[in-house]
Amino acid sequence: MLRLRRRAATEPSDFAESTLTPPPRPTIGLALGGGAARGLAHVGVIRTLVRAGYEPDVIAGTSIGAAVGGLYAAGKLDAFTDWALSLKRRDVISLVDIAISGGSLMGGTRVAQLLEREIGETRIEDLPIGFTAVATEIGTGHEIWLTRGRLMTALRASYALPGILPPVRIGGRWLMDGALSNPVPVSVTRALGARLVVAVSLNADALGRATVIQDHGTSPEDEALPLVERRPRVTAMVNLGRGIGRGLGRGIGRALTRPLRAGLSLDAPAGGMDPRIAMARAPGIPTVMAKAFNATQERIARQRLAGDPPNVLIGPRLSKIGLFEFHRAAEAIALGEEAAERILPDLAEALKAVA
């Protein structure tokens, strides 16, 4: 029979003091994906994870994910959130600064100034936690990891939506939105040393399951539509010319922003059009560019996540929030919080598995 002997108080313990200390927690990394205004859901995700005790040790972000992640790393996320929650629709419109020349519809200066007010001259290498912003090089398509230098410049490059916001030159390379190369940067987070990666994808719910329509063609309604007149386009361009001719910034802005802010194409007919034409009116320039970009990045994200899956994937249900609806910050943040709450049990299990 096995007898257990009580240890004398003077006998040394078999267990060193260090073995009584809980093992260090595995490095937690957060990979924040792109998605324009839907990216405000990242705020809700981060809030929920921090409240639950899962503060990220490293963050990699793409596009709006880089902006939110960078602000969090710099300790400025609360101030940004307060500003976002104060936005009304008219405030969002006021942020649109139309670019008269260059490779984009907007200059992006007003948004950058607001972010720079919080971030200032902060450098990535000086942040208290590991951070990387992802961008894409124009021409080569190279995926660029911005790991050092001025944080604000890196964020501008990462969220430079092609055709809508201007590209940014860093280290001799012209860079644009990182979602064209790595929309949800799981691989970058792992390279930063994360053993447990939590990824946030913003667009899966918006697009739904990809499919192939194998039999599609025109309908009688399509064939009955009269041709859209081109005269409204001429009118719009004449109005633009008048604004430029007067040399008044306000006139230029009004001429350009009237169709753009309404989300309409310069080809869109004016009032009094045939109602059938109105029903079939094509989406405007910003909408076409943003939605095309969104579809592209979502296909890329699915492929990359399949090849390099995170330990935990968060997918907020954001389909009802438009890409430019930044005034719906409260709704987006709440949806991010709900999505993060749903995965907390999975996150606890994943943490045990890698510990």
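Any Cβ shown, glycine's included, is placed from N, Cα and C.
Note that TrEMBL annotation is computational and uncurated.
Residues within less than 8 Å, Cβ to Cβ, of Ser63 (active site, nucleophile) and separated from it by at least 6 positions along the same chain comprise Gly33, Gly34, Gly35, Ala36, Gly39, Ser158, Tyr159, Leu161, Asp177, Gly178, Ala179, Pro183. Annotated active site, nucleophile per TrEMBL: Ser63, in sequence order.
The active site, proton acceptor annotation in TrEMBL covers Asp177. For Asp177 (active site, proton acceptor), other Cβ atoms within 10 Å of its Cβ number 27.
Look at TrEMBL and you will find 30-190 tagged as domain 'PNPLA'.
Under the heading region 'Disordered', TrEMBL lists 1-25.
Here the motif 'GXSXG' (61-65) is broken down by DSSP into helix, strand and coil counts: 2 helix, 2 strand, 1 coil. What TrEMBL lists as motif 'GXSXG' is 61-65.
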